Amino acid sequence: MNLITIDGPSASGKGTVSHLVAQHLGWDVLDSGALYRICAYAVLEYGLNADDEQAVAAVIPDLVIRFDVDRVYVNDQEVSEQLRLEHIGKLASKVAAYPAVRQALLDLQRSFLTNKGLVGDGRDMGTVIFPQAPLKIFLIADVNERAKRRYKQLVEKGIDADFEAILLDLQKRDEQDMNRAVAPLKPADDAIVIDSSYMGIQAVVDRILGHWEQVRVK
Ligand code: CDP
Ligand code: CDP
């Protein structure tokens, strides 16, 4: 089965590494975080009460979601840039704690797996969505390093950024994601943990491809 899951905290490099691994293997990528971000976007767009779990979950079947390389469309409107905004990330983490929201996104996520192959990027890819994955990676990095990466990413985009605020935000989101009752952020029992604090992107990609070679020949 052509399937690799890459889970881990925010700014550990999951998205970047997932795309490079998938590109090398000629596979698709599931950016599952984008789906929770889309829910957060819909809450704001439709003026829903974010505290109302059922109302948030109920909107999901009405959303026509389309991924085109790194562009994301909801009901034919491009939302790629909006989804990356920090307040959307925070709200995504809030609605992602609702069991009804996670349930409503379950089949959609699993439908991304085809014979072509898939790299699943998220928090619960290896634990809940694809427990059958032959290779599960849990990518971590020191929170200070992650904050530096996020800061650099924003500055390079010309966005005003405050390092301390980013650091606090990452810590808060990590805590929220790790301590929720459903699908908390944690490595699957059979996951390989890679600490990328002091590794370059290519080194992480090569390590994962090396593990895949070993799994594949078994
Ligand atoms: O890019 P970043 O790592 O900051 O976040 P993301 O992957 O876009 O995910 C945004 C939020 O969605 C996370 O903080 C999680 O709360 C939630 N999420 C989740 O619960 N399960 C997933 N498989 C992916 C994301
Ligand atoms: O998807 P996730 O939130 O886990 O992280 P990302 O958006 O892929 O990576 C955050 C930033 O860290 C990007 O600008 C990457 O280029 C950078 N990065 C890095 O500097 N070194 C790594 N080993 C991995 C990512």
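Backbone N, Cα and C atoms are what each Cβ position is placed from, and that goes for glycine too.
Copied over from TrEMBL, here are the features:
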| type | residues | note |
| --- | --- | --- |
| BINDING | Gly8, Pro9, Ser10, Ala11, Ser12, Gly13, Lys14, Gly15, Thr16 | ATP binding site |
| DOMAIN | 4-211 | domain 'Cytidylate kinase' |
(message) Running a distance check here. Ligand 1 versus the binding-site residues Gly8, Ser12, Thr16: which have CB less than 6 Å from one of its atoms?
(response) none
(request) Have a look around Ser10 (ATP binding site) and count the other CB atoms within 10 A of its CB, chains all included. (result) 23
(message) Taking 8 Å from the centroid of the Cβ atoms of Gly8, Pro9, Ser10, Ala11, Ser12, Gly13, Lys14, Gly15, Thr16 as the cut-off, which other residues in that chain fall inside it around the ATP site?
(response) Val17, Leu139, Ala141, Arg146
(message) Using a Cβ cut-off under 8 Å and a sequence separation of 6 or more, which residues in the same chain sit near Gly8 (ATP binding site)?
(response) Lys14, Arg123, Ile137, Phe138, Leu139, Ile140, Ala141, Leu185
(request) Report the mean pLDDT of the predicted model across the domain 'Cytidylate kinase' (4-211), rounded to a whole number. (result) 94
(request) Please determine which of the binding-site residues listed here (Ser12, Thr16) has the lowest count of neighbouring CB atoms within 10 Å. (result) Thr16
